[in-house]
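Quick look at what TrEMBL annotates:
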- 30-529: domain 'Major facilitator superfamily (MFS) profile' (DOMAIN)
- 28-51: transmembrane segment (TRANSMEM)
- 169-187: transmembrane segment (TRANSMEM)
- 199-220: transmembrane segment (TRANSMEM)
- 227-249: transmembrane segment (TRANSMEM)
- 255-273: transmembrane segment (TRANSMEM)
- 359-376: transmembrane segment (TRANSMEM)
- 388-409: transmembrane segment (TRANSMEM)
- 416-435: transmembrane segment (TRANSMEM)
- 441-464: transmembrane segment (TRANSMEM)
- 476-495: transmembrane segment (TRANSMEM)
- 501-524: transmembrane segment (TRANSMEM)
């Protein structure tokens, strides 16, 4: 359902944006603030690569280990079975307390409940703090999964809160969850509390990214929305890389956690620096406040906004979820004497054969993109060589991938570009799984190529999905895709943990999943340059005249939706 506004509360938003200048000084300032809203949560989302790193460990040997013993002691060679981290040799006689080789039986191994950790790289991690090894090893990936679950919950709750009470309120709650949850997790006395705080931190992180991005886009004209939608990922990559820089100098997990989360409190200044959404103010009947912000923007940009643009000439009406829909006909408006519109659900997309296949194809692609994206980030420490250099390089490789996506997306087409980057990334990951571990530089290089491909796919799939789903079901379709993406994110830490069984296994899994997705994308229609479908029936018929090998632009009149849809797309992502 939509909510009608009285005529006095309507405004020509696109006309106002054009009058202000689509990307003037004021919009650049708001976009700059939004970039920090992308940078801050990025530091936290990948922090478990260091916070939860599992160092080498061995069992505590009774009567041999004391308070001052280290991981490498002379008695280890006869008291600990070779290549065993969870077993210790049993003493030949139970009442003997001396630490001598002759008193240990090499025939009998027993499990232990205390461990000694190698602290040469990190003085402490959550693994050493909460003993997440051996029988408790399965608990370790939960920290990453809880963050992803928090992102899922935060995208729903904080997005709704920002629509009801304003974007600034959304920022305030997000900052408190991100910064407060992060600092509290750093002082967690047990792993349960740490996991709960990770969930809250994830909710705050995605909320901060989502709300600040939407605020920026609402001030930017359609011409620049594609650029903003992709380039907002650059500070996200820089934030991820900054975590690696912090980890070089901070080797204690509690202080590292504070370092990557406490700076979020600086964004409380956005309550004064960031302007409130003009669209939201108008939707709440606060048109005078909206006009004040528009006049301020006009003054900063050195332009004047014609008065008629601020009056009741636009049929735009905000929906209850805070997005803006442009009414193309009277049928799109809900009138008082009409019954409420039937609620649209994802099940509607699955009723017809073409849309069912395309929907499941997109659901799988989103899950794979998220799983491989975050999986490669957390797997960077398993590649060999310098873990800090590998980690930072894995994050920074995203920047050229976003530039590449922006430059070729219209030239190669959605389908061709997405297929290419998925096959490129998947193939690189798969091949790297067969490279001998002694050739570290080649494994790292192929892993970086894999991250380049999947990061580009992550950016492209948003635009492509919005064009595959019909206008009337676009929000429903993207929302369902986002849910599938979170499932992939929840599974990512567990796939990365498979390296403890066989080190190349995560890369092999990432490669196979990406290659399958790349091949499946071939079955979808090309959308660039096409007149995009508005209804389910139009979507069902869309692309019937295309071969599955058709990758070039359509002959229909150009109606590229990229700039228009980016406003709503990035709300779903972090």
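Start at 1 and count along the chain as shown; that gives each residue its number.
Any Cβ shown, glycine's included, is placed from N, Cα and C.
Keep in mind that TrEMBL annotations are predicted by a computer and have not been checked by a curator.
Counting Cβ pairs under 8 Å to the transmembrane segment (388-409), the stretch among 227-249, 255-273, 359-376 with the most such contacts is 227-249. Here the transmembrane segment (359-376) does not touch the transmembrane segment (227-249). Their Cβ atoms form fewer than 3 pairs under 8 Å, with each pair 6 or more residues apart. When pLDDT is averaged over the domain 'Major facilitator superfamily (MFS) profile' (30-529), the result is 83.
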